[in-house]
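As structure tokens, the structure follows; a few thoughts come after it.
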Amino acid sequence: MLKKIFLPMILGLVSIFLLFTVGSTSVKADTLNYTVGADLPDNQIEKSGSYFNLKVTPGQSQDLTIKITNKDTTSHQYEVSINRGLTNQNGIIDYGTHGSEEKDGLEYNIESLVDDPQNVTVDGNSTKLVTLHLNAPKQAFSGIILGGIRVKELTSTSKNSSKKGLTINNQYAYVIGLELRQNSDKIKPKLQLGDISEKQYNYYNYVSANLINPTPSIIDNLSINATVKNTKGKNVYTQNKTNLSMAPNSDFGYLIGSPKQTLKAGNYELVMDAKSGSTIWHFDRKFTITTATAKKLEKTTVAPKSSGPNYLLIAFIIAILLIMILVIFVYHKKYRKN
């Protein structure tokens, strides 16, 4: 008899536990139904490359051709844009933004050297050549000018809708790199440390150390070891990363910390060592988190699900245990009477 009573309760308890502890299943993105390729010109430096790596002369003008192949049975429209190479917060060169703010020291913006973004329609099961006009700088320049040709699929707002318009079908896109140079002279890499502050990303608070590449060259294979210390010299945060890269004349906020912990207002010290190839940089700087900043960020931050007890789950478990105890008590009382 007890087995008949306990078994459903135990199964119910396990079911509720799984309901609150098993995470959601991730959804795999749909495969893109188009491909993009570069028709490399004669002034291509790397002949076997899949992107434009061009040697140009002052004032040179030329057409660049890319191929868009639509593998679907119906026609699609694509947006073709030229985007300057940036460095995102993960330390990766990114070509996903057009019209980004120009940084100090940027001599030439590749977005102003190539045609404006355009929309192209490609019939189903066909390939279309798209021409982009390039005007190289009239003056001589050192280093490289870096960007990417980004091709993103567009689609009608609704097949059954009478409204006309275009929306982004998804956030996935193809990018063909575009790199311009006039010579093969190497530029010594430089790395600068800008502002240090506490900032919020995805509702979590981190120490953000602004790293700046002021040169027209790529910093690659960059490794960074950073430690934040309190006034007693105790390590509060440690963040080490490798295989980072930075676009020419760009910056990014190197995030230090953990979403499980937020720094209180006070004085701190950042010690950072960075290395790219044989070049090494060392930074040691004190910074302050003000009370106003700490309070402002604390209002909008969220705690991770794993950082504290799941009170709802605990309440369910306690409730079920109390019900089980009550049922056992009633059963025994009734059994003794019989």
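Backbone N, Cα and C define each Cβ position, glycine as well.
What you see is a predicted model, and the numbers here were worked out from it, not measured in a lab.
Residue counts for the domain 'WxL Interacting Protein peptidoglycan binding' (34-153) under DSSP (helix as H, G, I; strand as E, B; rest coil) come to 3 helix, 60 strand, 57 coil. Taken from TrEMBL, the feature domain 'WxL Interacting Protein peptidoglycan binding' applies to 34-153.
Under the heading domain 'WxL Interacting Protein host binding', TrEMBL lists 163-298.
Among the features that TrEMBL reports, transmembrane segment is placed at 311-331.
If you take every residue in the domain 'WxL Interacting Protein peptidoglycan binding' (34-153) and average the pLDDT, you get 95.
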